[in-house]
Structure formats: structure tokens, C-alpha cells
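This report concerns only the one structure given below.
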Amino acid sequence: MRFKLFVVCALACGFMAFVLANENISTEEFEDQIINAVPEPVKVTKPKAQAEFVEVPKATPAPKKAEADNPKTKPLALQKPTLIPVVHVSSRGTDDILTVAGLKPEKMFGALIMPNDYLGELYDVDNSGYNWDPNNNVAPPTTYSTAAGGYTITAARLAELRSNFMYWYFDKDMYGGRGDYQFDIHASMTQLHKNLNFQLPFYGFRFNYTRLSLNGYLEFSDPPEYLTYPLVFPIKDWPAKRDPSFMGIFFSKCRVGRIYPSDIDQRTPGVYFRVERDLMGRTDRFGVEVRERTMWDIRQGVVGADTFIPKHVVIATWKNVSFAGGIDNSLYTTNTFQMVLATDEVYTYIIFNYAVLNWLSHTEAGGDTTKGEGGVPAYVGFNAGNGTQAYEYNPYSQNMVIRDLANRGWANGFPGRHIFRVDEQILIGSCNKDIDAALLPLTFAPESGNMLGGQVVNITGPCFDPAIRVTCHFDTESVLGTYVDRNRVICVQPYLKAEGYIRFQISVGTQRFKWRGKYFVETPAAATEKIFFTTDDVHKKNPAEIRITWNQYNLTSNANANVMISLWGYRETKIEPQLEYIDVIEASYSNSGSYVITPSNYINRNNINRDMQFGFLQINLTQPDQYSGLAISPVLWSRPIPLAWYMAPQWERQHGKRWARALCDNWIRADRFLRNFAADLPLCPCTLDQAVLDKGRFRPDRECDKDSNPSCLRHRGAIHCVVSGTPVAQGAEQQCCYDRYGFLMLTYDQMWGSRPRRVHNLGKMPWNEASKVPSLSMWFHDMRPFYSCCYWQEEQAVGCETYRFERRPSQDCVAYQAPGIAGVFGDPHFVTFDGTAYTFNGLGEFVLARSVDESNKFEVQGRFEQLPVNYYGEVKATQLTAVAMRGNTTTTIEVRLRPLHARWRYRLDVLADGRRVYFDRESLKFQHFDGVTVYTPTYLLNQSQVVVQFDAGIGVEVVENEGYMTGRVFLPWKFINKTAGLFGNWSFNKLDDFMLPNGQVAQLNLNDLRSIHTNFGIKWMLTDREVPGVGAALFKREFGRMSGYYANATFQPNYVLDPADFLPANRSYDLERAEELCGECMQCQYDYAMTLNRDLAHFTKNYYDTIVNMQAENAVRVVSCGVLQTPRFGRKLSFDFMPGAKVSFECNEGFILIGDQRRECLSNGLWNIPEYGYTECLREVYYTRRVAFIAIGIIFLVICPLMLCIVCGVYRYRQKQLKEDPQWQMPMLPRSRASSARNLRTLNYDDDSDTDASTLKKSRSYDKVYRTNEPLPGKPQIDFPAKKWDLDENDEDVTSSEGEKPKQLGRRSLHSASGTELDQHGSPVDGDHPDEDDDFDEADVHTGTTHPVGYHQPLSPEEADQLHRQQYSPTFSGLDSRTSGASSINYTPQAATQNRFGGVPVLPSNTQYYSRPPSSVNTVPLRTAPTPLTQDTGLPSPPLATSPTPSVQKSTEV
């Protein structure tokens, strides 16, 4: 019995050995026959370090199939064949390949049909005897070399390598090993761990290892224990169930299959794995060939990989694998596929080569046991793992059309080849013919371009046909595509009037636009710079030369191509903006990457577009077909530049030598017709610290950024500038620049100061109208005048000062209002807008801040997840992991914390309306969406800090450090008393911070965490449905994870705040450590005690200190005195405007400073009142004139009034000294001077004064009574000699008897010395008539007027006129009456008061000083009148005197 059992076992073992022998049949002898078909190596002289084809003699016909297949039969000696190129239509492509004449074997059928004929033994053999046939199964030598002067591959050799469908895989090596064959992988061990020793980026993560699985994938983490079909990734129950990270080329349970002895490729079935590292520096032959083949396959197969150079390559091959669960005969039903991984440790590309697919599914997935048909086919795609994201390659994955993988793809022209980019996102590089849906993702690169156009966009999506038209639609513009191959078309982006993300769609033939994507349009001023200016000469007025450079490979790789350099300009004279061609700078020039522009070559140009003052340089190919043989040409644009270097001679001929002034004046006139926009702009912060903290309204200016662009060409002296993040309602933009001391720079002080802009760089919707085009309108309205008014003129020019002071003046910070700030950090801790600090460990999604004002809505929400376990187990605390926000009608922005192992490149994920956006390129640092601007600092590439600015002035900042986030919200003052949420109500009152959704205020104790949790925090939890007062969640939902996945209202965190109260007594070290790390910061101590994580504690303290300092900085009221204008033609020695600042002034040479030389800023925010007037600078000549006029003015305004006052004073003094009769009144006389003189001659009354007070005649009032109060009591009576009493004012020769000075005497008719009175006709009046009144007048009878004593009636007008005609003497002598016959005044010789010629006594009688009684009263003189004296010399004679001698005519009685 035992013998029988032994025989049975022996037979069984023998049978198994036979089966295994057939399964793993050796092909060494067969390979030796093929290799030895050439009896001796052919020695060919080749140049050093260069591979050449081996020229072999013509060979005899190939041996028969039976002889070749029989391992016992030796092949006949073959002559040396000759390699000749022949056109071979391959089943894997249409490329021309090389074959061997006379040795083309017949097609063999079996488990595997190679894509190309097996020609390995006929390729070149090196000195070591190795055959470099691409299909050779023996691995090359492992002698890596990096020495200079190594192997150089030729274009022919590269074409030969790339003509093969499959990459290298070897089952032998030159040292007797198994090559790449993984003999340890079999049914009982389906995977092997492989160390890569380099970083492999994959789906956001990065790995330095992998696991090679027999089941058709490379994995990086453990799969779930049980799989259910169809497979769904990511695993929704993660982390309860494992969610593997893998690359699945054919994810299905497999086993090693078998091959037939008749198969051409007799390499051992199974799994192969090969790694080639450090290819960038290798010079050995195999390393160079692997690098070049992989590089060009990827560059030409995937859009956007034009600069990719592989650093490491992994080749994994599954050869002749069968499905699991099948019968023995099913082992011959096999699939062969290959995965090629290439990475430079930043980008990763994968090539899937499907050679043969004969089965679809294994038995556990429902497939049959014989053919592997039916059931759920294999999974093809990628899974990031850890429950994050996955990509399933549709329509092939888990679908019956999966067998078409071997006939689709068309990457590099091969059916069955599919290429993907997998480092951050999965981007397909192969066409997809069978998929159909309403919206299909379009793969294109680059994903952004200059607004001016010319960007070549490579597009992959549907499978293309050269006979079918392809239309590309960029926003509102459409262009036709250019066919490249079945997998790619090219569209050249047209000129677009838009910015930000626009719709990008294509249609094939007559189909609708169902392939769609988002294309980012870069504004010309912020676009990727492709033409560089080595100096700033292009901005000058008249440069000698301008040097430009560019990357020649941005146009073409053809070194012999020529380029054309042209000049373009822009203007806005109509509603539609005009970007027009100006001139050709160089018609044809070698594409060398540099050129020198000589402006003197264009002096004589007379261009019709000379009104254009700024424009662009454009470089394109002279012959478009030089770009990859296609009739297209890329276009390179410069940044906007001024055009004085080209247009200056033309402007000078048109406007004269002062053409800059003319251009400036034209702009000023036009700008004055436009509306004033400055009132709409936010005010500039006073200091740089305030500007940096105002995250809601201001962002760094690209032109002057302290972190990325400190040159500040148009703001010299500035170290940093900020601009308003979003356009205001009218489209304007604010700019604020700060000097090295952190103070605001003003245009009132210098031309380099802050300048507001009429048009924002982002433009304004709609972008296709004048004054609304991004960048171009800003340059037309704001940048262009800066050059013509200031940069090309003097700073003190009239146009520049008009530009600085009137049209673009800086806005000072007198009324600036710092924003309110609130934040969340740690596990988590909150600081409200009013400064209340508390802790709330909610688990789920909550409202951080929201507006209760319906007109200005905004929402900021946060997601909190539980912290990972620590050494002691579960941590009863949470942390912030995501923030979502939205304005009134703006785009929804979400910022997420990336998984731990996915933070190697990007720290945070940013989603705009659910679509991931990235900020890893300069032109993408600032991205504008509908109503919101998102940017990352220019010095960061890892997206660890993201700032979101809404058009309402709201800002949200999210910062990540070591996996721990903080979120801060910045609000302008218009939201005071209009906020709610976990950040409280901003009212400057801490008592109402805990406002509930219903508007009530919860009265809570900050130390009672349980009460805060249950009575306040949990009330703000979000759900996916709208809740009154709370709202709905804004977060993007992926893979079925709704708000309930994150929320847990029953979560009970630790409610004890002090670590000393909740840490066990045996953990005193942790308590001491917390105090050591945190000091007195309770939030830091709490976080360390809860998590034992030093990083969390450190950044909790850092975030807390930061927000407290921010609130303290913004709480301080900054006092500013505002603008203090610089005098024209002068300067200020300091630009400070803070309290205590003392600013001194100086003038330029040739000018004089007048006014205050120094002003001081007071503590009340006002400049001190000038003591000497407004400060200004005058030219010396003007200053001299001013001084002279001031002196003359002083003379007239000071000395003359002073003299007048002196005269008046003397006059008043003399008036007081005069003696006058109090009873006397001057009779009423006509106003005529002549009449007055005649009347005075007819009057003969006693005057109360002897003479005038001065030579200046003063009008007297003759209706008054003057009293002299004489004689004086106690004084002697003195008799004065008689004098000439009355002279006319024209008698200038009359000399007083008391001196030599001429004296003007009053024109009065005096009484005679005897006291005899005359009537109104000059006749004596008898004083012995007591019954008659002397003062009686006939007119008094009618008027009833009673005149005082001594009043004499004036002459009638007729009498006065008659008397005027007599031409009487000024002395009123008697000669007048003798010579005038018409006069009624008769000379009376008996009159005591007259001489013989009718003269008047010089001095009156002494009776004039006394009051005269009425005529009816007899009076006796007090003393006898002296003898009258006569003076006949020096007095004018009457004109009609008839004296016999001249002495008689000129004499006057004295």
C-alpha cells in the first residue's frame, strides 16, 4: 500500500515538473541561434562618444520556421546582411522604421504578437559584445557614468528607439542574473516592496517607495481587506477602512500565465521592474537613451511638457499575466501591458502601454473561468488615498470597452499608448473617442496666456481627424484649430478684451461645444514677461539704444528660423479700444534671443499713428511654417512701454521742441472733461505697518513690492506700494507708496509719490469698451500722462504740478479708518472683533462671521476636525481645517488644509466655485474672480498663506504652519453692529459678543467652556440646508461627504481650561514643559497639554500674539496733519506729517524764500499757523520788484496817512487857537468860487478870525456862530496894526506884513475902523435910525426868517453874475467901481473904511473882537482906530485901472 502511494506521488511530482517545464520553457538556445546568426562581430570605426548604425553585408534568406523553432537544429551560416530603411506599416503606428532586407520573419501567432518584427540580432554590437537591440532580453552593463564626453545619441538612433512600442524589460543580464524579472512575485506573494531612493510626486502626495503588485498596479499604502465590485475610490468609510494610494494600469486579480513555444517573444511571463536613476547627469549609453526616449515621448505626447526632462524613470511590465480563478487552460489567455513612470521630482508623467488584452475580469468580479469574460472588468485609474480624491479612466475602467485600450489612446501615434500627468492632478494626454457627456473635461496647455494673444494652446480631448474642422472658442472670440495628430490640435489664442478665468471650448466638425475648460487671461501689465529689457533706457526721452532679449525656444527649436520684430500701439479715441500696428522694427532677424534697437534709425519715420504714446514690442516667426512644420507662429509680447524713443522726432516736428509739454497739455484738457473719481477710493493708511495689516482693501503692487520687485521704477525712493485689491464701483484704483521710514509718499511732496488711478489694472466689466480694458485703459489714462507731464519734463514744470496737484493728487490719511480684526487658531481659540478671547471645541462646520445687513451680505465659515491621537490616546479637541467664504453675489472661495503627506509642494488647497486653482507662477499670483480677488504673497510658492479680498472691503487671511491653520477676518467700519457668528458682534462692546442666531445675547462666563459650547458655539453649526439666522454650508462636497460627515453635535471636548486642573498628577513634566514653552499664554498651555505637540503649542502662541498685536496696532488712532504743499521751485527737507514733525523749506538757486521757513505738525493734527505768511519761492527779480512795491506801498499807506494825521492835528490845534466872534455867522453864499469871491466883496461885516489856519482851504460853514470868548479875563488889551484883510486865493504874491511868506487871507468884507456899516449895495448905513434893524432884509419879510446881528443878505444870482463880469481885483480895491460902469457899487470917498482907490484896510478895526450891539444902540469905540497904512508895492493892480503912472496902477492902500 505504501509502495502504491509512493508511485502515485512520484507520478504526480513528475507531472507537475513537466507542466512547470512547459510553462517556463527556456529559450536560451533559440536566442543563441539568433544571436550567433552573424558569425563574427562587425568592427566598425565610429567617432568617439557617438552611436552609429552598423552597416552589415547583405544576408541570405531567413531560415524556415521549423528550423528556427527547433532548438536542436543549428542555423546555417548567414552572410552579413545590410541595413536598409524601408517603409513599414506597423500595427502600432505610422512611423517609418528600419528593418533588415532578407531577414524579415513571417508573422507568428501565439499568446503575444510583438508590435514590431524581432530584429535584435542584427543591431550594433559594442566592443564588450553587447547587442543594443531595443528588444534584446539581456540587460546592458550596469556601469553608470557621468563623465564628460560620454555617449551622444543621434537623431536616427532616437527615431529607431521611439519606433518601438514597448520600453525595455530584461529577463537576463550579462552576469547570469534574471535581469528585471521579479521571480519572487507569484500567486502566494502578489506584491513586493521597492525603495525608489528619490521623491515620486503623485496626486498631491510624495513617496520614496512603492509596492509592485501582481494585480496590475503600483501601490503606496495598504488596500482594504475585502474588495467589493465594482470598485469605488476613494473609500468613503476611511479611516475606518483602508483607502490605498495606487496607480492602476489594470487593477484586477491576476496570476502568471503561460506562453506557447511558438511565440516570438520568449521572455519569461511574469512581472518586470526596472529603475533608472539620475538620468539628467548620466553620460553612459543606456542612461542617455532612456532619458532621451522618455523625454521626447512625453514632450510630444502630453501638452504642457515642452520643458520636461526626466530625472528618474521606472519601468514596470506585466508580461503574459492571466486572470485569477480560471482553469489551467486559461493560463494561456494572457494580457501584456507596461507602465513607464518618469519624474523630475516635481512633475510626474505615466505612460500606459497596452500590448495585448485578451481577458477582462477575474472570477471574483464575475468573470468566467475559461476566458475571463463577463462580470466587472478591471479598474483603470488612480487613487490618492487617505480618503482624498480619485480619478477613474472613463469610459474604459470597469466597462466592457476596456478591451479598446489596446486600440485607443494614440499617444505618440501608437494605438494602445495612453499618457497622463499625475503629480498634482490627473491630466490626460490621450484622446478619448468613445466618451460622451454634456460637459467633458478638456486638457490643454498652457492654461493661461497674455490678453494680447499669440499664445499657442495645445489641446487634447476628443480624437481628431485631419479632414474635420476644429473650432476653439475663447470667451467671445473663435479661431480655427490646426491639426497635429489624432491626439492633439493647436489653437492660437486671439486678442481678448478680458481678464481672469474665461470659458474655453472646442467643437469638432458640426458638433456642439461640449469639451470645456477654464482659460486664465493675464493682463498685459502682469502677464508672464517674455521680452526683457536689460536696462531702463526704453523709458527715457531719447535713448541711444535699447537692448532686448527673449527665449528663442518660446518661438521654435529651429535654430535657423528668422523672426520679425514689430511695434504696436494703443489708443482710446472711440468707444471701441484700438490696438493697432505701428511699424516694423526688424523685418527678418536670426532667432538668436537678443537684439539692439537703435532709435536713430527711425528719425525720419512719419507714422499715421503718432498720436499713440505707449505700446508693445511683438516678436513672431517670419515664416510660420518653421514652427514644427505648421502654418502658425507663436507671438511674444513685451510689457507696456512708452514710445518716446520712437515717436520723439515725429512729435517734435508736430509740436516743436516742447512736445512733452504739448502732449501733457492735451491730456490735461481731456482729463478735465472726465468725472472726478477720487472720492470713490479707499483712503490710504498713514504708515506701512497699517497698509500691510489692511488685508481687506489693499494688496501689494507688482511694480513696487518689497518682497519681489523693489526696483520701483516709477516710485523712486519707495520701498513698498499697495493698491486696492478690487476695482471700486466706477472702476478706479487707489495706490499708496511708502518710503524707507514707513511714511506715506505724497505727490504734493514729489513726483514719485502715490498716485490714484482712474482705471484699475483689472479693468471693469464689460471689458470691450474704452476706459474699461484691463491694463491698457490704465496705461492710457494714468501711466501715459506720468511720462509726458513729469518723467519727460522737470518736476517743477507746470504740467507736472498740474498732474501732481490737480489731476492725480495723493490722498492723505487724515480720515483713514483701520479695519476690525477677528481670528481663530489652535484647537481652537477665538478672538472676537471686540477683543474677547474664548475657547470652543466644536466638531463640524460653523459660522465664523456673517453680515446681518441684507444690502451688504458676506459669510465666512470654518470646518473643524478632531486632532489626531497622541501618546495617551484620543485627543478631545478639534482644529481648523477649512475656511469657506462668499460675498453678496461673488464667487465662493474655499481654502483647505492639505493632508499631511500632500504638503510637500502646496500647503493649502484653494477652490474657486469648487475648482482648484494654483498660484505657483508669477502671472498667477493675483487672480480675480467675480467680485473677489485671491492672492498669495509673491515670495511664497507653497500656498501656505492665502488672502481673499471682496469688493466690499472684506478680507480673509488663511495661514498654515506645520499643518496648523489660522483664519483672520478684516472688516471695514461700515459693518459695525452688523456682524454675527463665532467672531461676535462688532460694536466696540464686549458684552454683546455672544449674540445668538435669533439676535439675543447670551450671558456667559469665559472660563465656563461647557456653557460656551452648549449655549453659544453649537448654535452656529451649519448643515446643508438653509437655517434661518445661520445659513447653509458653502463647502464643496466631494465623494458623498456632506456636512454630517464632519459634524458631531454630541462630541464632548475637554471643558477644563487650566492644564493643572485636567492633567493627572503623574504628568507633572508635561505641565512644566507647557509652562516652559508657553510662558503665561493660557491658549498655548492648553494646546500642549491636550496634544503634547510642540509645534501646535508654538504656533498657537504665535497666532495669538499676532492677532493681539494686530488689534492693538489698529486700535491706536494715528494722528496726521495731512498734506503740506511744497512751494513751487522749492523743496521740503522732510516729508513727515506726524505730530512733532518739523518741516523746513528751501528754494532752488535763483529764488528767494518768503513766508515761514519752517512748519510744525501739532498734536491736534493741524499744521501750526504760519507767522510770516504762506511759504513760496520767488525769482530774485520778482522778489526785488515785490520789495520795491511793498516799500512804495508802505510809504503811501503809512507815511501819507501819518502826514495827513499830523496836518489834521496841526489844523485842529490851530483851530482851537483861533479867536472868533460867537455871534457871527457866515451868510449863505453860492457854491461857485467866483460867486463867493464877488459876494465877499459886497459884504462889509466883521470877521471873527483874521486868517486861515493853513494854506489848505477848508470849507467853512457860514450858518454857525463862532465865539472867541475875548477879551480874555486878566489879559491886557493889545491893538494890532491894520493888515490886508481879504485876498483872493489866486493872489499868490501877497505878503503878510508880519513876514515874508505869502499869506492867504479870508475872503470876507470887513467893517471899517470907524464902525460904519454898509448896506448890501456897499452904501454907508446911518447908524442913527433906531427904528430900523441892520439885519432886516426884504426877503425876510416873505420867509419869516430872523437873521442874527451882523448878517448881510447875499447877492442875488443876477447881481453875482454882473459882478463876475467886472474882472475885479483880488484886493477888491475901489478901482473896480470906478472903471466899471455896470456896477451898482459906488465908491464913497467919505467912507472911513476906504482909501482913495476904494482899498480895504489890511487889518480890521479893533471893534471886530467885540460883540456888536444892535444898530439902534449908540456905541462908543473903546479906542480910536489908528491911521490906516497903505501898501502900493507887490500887490496886483486892477485890470482896468487908469493911473498916469505904473506905480499908481500897482499901488494898494495899506
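Note that Cβ sites are derived from N, Cα and C of the backbone, with glycine treated the same way.
Residues Asn942, Asn1386 are shown; Swiss-Prot lists N-linked glycosylation site for one of them, Asn942. Per Swiss-Prot, the cysteine from Cys1121, Cys1161, Cys1177 that shares a disulfide bond with Cys1147 is Cys1177. What Swiss-Prot records as phosphoserine, among Ser1254, Ser1312, Ser1411, is residue Ser1254.
Swiss-Prot records a disulfide bond between Cys1161 and Cys1121, which is the match among Cys1121, Cys1205. Highest Cβ count within 10 Å among the glycosylation sites Asn320, Asn977, Asn1048: Asn320.
Note on proximity: of the glycosylation sites Asn458, Asn888, Asn942, the one nearest Cys1161 (disulfide bond) is Asn888, by Cα distance. When the glycosylation sites Asn977, Asn985, Asn1066 are ranked by how far their Cα is from the Cα of Asn1048 (N-linked glycosylation site), Asn985 comes first. Within 10 Å of the Cβ of Asn942 (N-linked glycosylation site) there are 15 other Cβ atoms, across all protein chains. The Cβ of Cys1177 (disulfide bond) has 23 other Cβ atoms within 10 Å, all protein chains considered. The glycosylation sites under consideration are Asn208, Asn620, Asn985. Their Cβ neighbour counts within 10 Å are lowest for Asn208.
Reported as a whole number, the C-alpha separation between Asn985 (N-linked glycosylation site) and Asn977 (N-linked glycosylation site) equals 6 Å. Cα to Cα, Cys1121 (disulfide bond) and Asn888 (N-linked glycosylation site) are separated by 37 Å. Annotation for the glycosylation sites Asn458, Asn554, Asn888, Asn1066: lowest Cβ count within 10 Å of the residue's own Cβ, Asn1066. Its own atom aside, the Cβ of Cys1121 (disulfide bond) has 24 Cβ atoms within 10 angstroms in the protein chains shown. Every protein chain shown contributes to the tally, and the Cβ of Cys1147 (disulfide bond) ends up with 20 other Cβ atoms within 10 Å.
The two recorded residues, Asn1066 (N-linked glycosylation site) and Asn554 (N-linked glycosylation site), show a Cα separation of 67 Å. Rounded to a whole value, the Cα-Cα separation of Asn458 (N-linked glycosylation site) and Asn554 (N-linked glycosylation site) is 14 Å. DSSP classifies Asn888 (N-linked glycosylation site) as coil under the three-state reduction.
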